[in-house]
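Quick notes on the structure that follows.
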Amino acid sequence: MVRAPCCEKMGLKKGPWTPEEDQILVSHIQRFGHENWRALPKQAGLLRCGKSCRLRWTNYLRPDIKRGNFSREEEDYIITLHQLLGNRWSAIAAKLPGRTDNEIKNVWHTHLKKRVKQGEKPMKLLPNSSMSDTDGSSSSCTEFSAIVNRDPAESLEFEKSLRSDALSFESRNISHVDAVSNGDEISFWLKIFMESGNIQELPEI
DNA sequence: AAAGCCACCAACCGCCAGGGG
DNA sequence: GCCCCTGGCGGTTGGTGGCTT
């Protein structure tokens, strides 16, 4: 298969984006969306390849992106997730609303790798309510945070179902990673939180 | 003040998987 | 079943700015 010519050979621009290009890309996406990245630059009048436009949008221009430094909590969260998921940056990013895989990858290589190498343990992990999914719905992580902070009597029923999930999860010998990819996230987080010592052993059913 | 070094991060590259024809 | 296109992912690079000597 013949590889498509690279952007430069096609006379397309590479390198840093100018504010004007950003403006064109944002207003085009706001008006028409981004169904076809390959066609988008031509339609928008940008001398960029589709891939470059997609990257610029997903890593920088998207309105739901959280700019600024990572909090200590976020860093610890990344370390913990990295221990479980490895270099699956997009999977890690999916658990950190407003953060991109590229950003997480960068912070890992510049800060966190060193911390882990030095044998530093992450602080106690307890994601707060601000950690909602990018679509605005609460993640199982948030849900879990709410549960563990509730009065145990109130949450007993819920805990029972969680426990049952976790047991079935264990009896089927499903790994954490498989659990996440299968959407069995409650069980996944249940185990993580129990292992991290943030919650007590759940009451026996 | 200048040169060298280092850290950071935006952007690129190459590969892969999935879907459509 | 095969080919091609597209989007997504992870690894890597290169420019820039700040700090040190």
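Cβ coordinates are placed from backbone N, Cα and C, and glycine is handled just like the others.
Unlike curated records, TrEMBL annotations are generated automatically.
Annotation source TrEMBL lists domain 'Myb-like' at A:9-61, A:62-112. Taken from TrEMBL, the feature domain 'HTH myb-type' covers A:9-61, A:62-116. Annotated region 'Disordered' per TrEMBL: A:119-138, in sequence order. As annotated by TrEMBL, compositional bias 'Low complexity' applies to A:129-138.
Here the domain 'HTH myb-type' (A:9-61) returns a mean pLDDT of 89 for the predicted model.
Helix, strand and coil residue tallies for the domain 'HTH myb-type' (A:62-116), in that order: 35 helix, 0 strand, 20 coil [DSSP].
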